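To keep things clear, I will list the structure first and then write my remarks on it.
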Amino acid sequence: TLSKVKHRIKFQNNEQLVLNEMNFGPIEKDTVIIVIQVHRRINYLKHLISSLSKAWGISQALLVFSHDYYDEDINELVQNIDFCKVIQIFYPYSTQIYPDEFPGNHRNDCPRNISKEKAVISNCNSALYPDLYGHYREAKFTQIKHHWWWKANQVFNELKVTKYHNVKKPKNTKRNGGWSDPRDHQLCLNMTI
């Protein structure tokens, strides 16, 4: 059920368990950190993991797998990695968890291709805020950007093992973060680095 998935995600995000640390040593300030954004394509993920396993120096790296979908088979695949340190984090605002409400699809969301005039007349969500091309948000695509910002914030500011790492933090150069829908912008304000 969704409540069980929410609970597991919250537990794992709070636990911040680094796998294989006993085998490969602690994370240092100069440890190479590779962050991977994962959705549901397990076959692609298998190929990526296989490729990474052959990379020179990978045993000294930390792989951060950031998931926007909770799937036991994918979790098992990641948790069986034995060639380097691994940590998993889970995006807590995914469309899997919020399928019928924001940030997922809400029944009153404007259809993607409706004209602004028709959107205003229908009073759908964010009718006044189409994107640069006149389209309205699609949760499955905006989730990718939401997840990206959340993941960056988690890695740079929240994970105990990476928050003091020696990297320059990216700066958000767009005032609104590139969002056309104010709800997306508002959600990301709490995730901005």
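Glycine is no exception: its Cβ is also placed from the backbone N, Cα and C atoms.
Annotated in TrEMBL:
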- Gln37, Val38, His39, Arg40, Arg41, Asp68, Gln143, Ile144, Lys145, His146, His147: substrate binding site (BINDING)
- Cys110-Cys124: disulfide bond (DISULFID)
(message) Just to verify a number: CA distance, Gln143 (substrate binding site) to Cys110 (disulfide bond), in angstrom, no decimals.
(response) 16
(message) I need the nearest neighbour of Cys110 (disulfide bond) among the binding-site residues Gln37, Arg41, Lys145, His147, using C-alpha distances.
(response) Lys145
(request) Let me know the most crowded of the binding-site residues, choosing from His39, Arg41, Lys145, His147 and counting other Cβ atoms within 10 Å. (result) His147
(message) Going by a 10 angstroms cut-off between Cβ atoms, which of the disulfide-bonded residues Cys110, Cys124 has the sparsest surroundings?
(response) Cys124
(request) Return the residues near Gln37 (substrate binding site), defined as same-chain residues 6+ apart in sequence whose C-beta is under 8 angstroms from its C-beta, sorted by sequence, else 'none'. (result) Ser66, Asp68, Ile144, His147, Trp148, Lys151
(message) Which one is it, among the binding-site residues His39, Arg41, Lys145, that lies nearest to Cys124 (disulfide bond) by Cα separation?
(response) Lys145
(request) Could you tell me which three-state DSSP class Gln37 (substrate binding site) falls into? (result) strand
(message) Can you tell me whether DSSP puts Gln143 (substrate binding site) in helix, strand or coil?
(response) helix
(request) For Gln143 (substrate binding site), list the number of other Cβ atoms lying within 10 Å of its Cβ atom. (result) 24
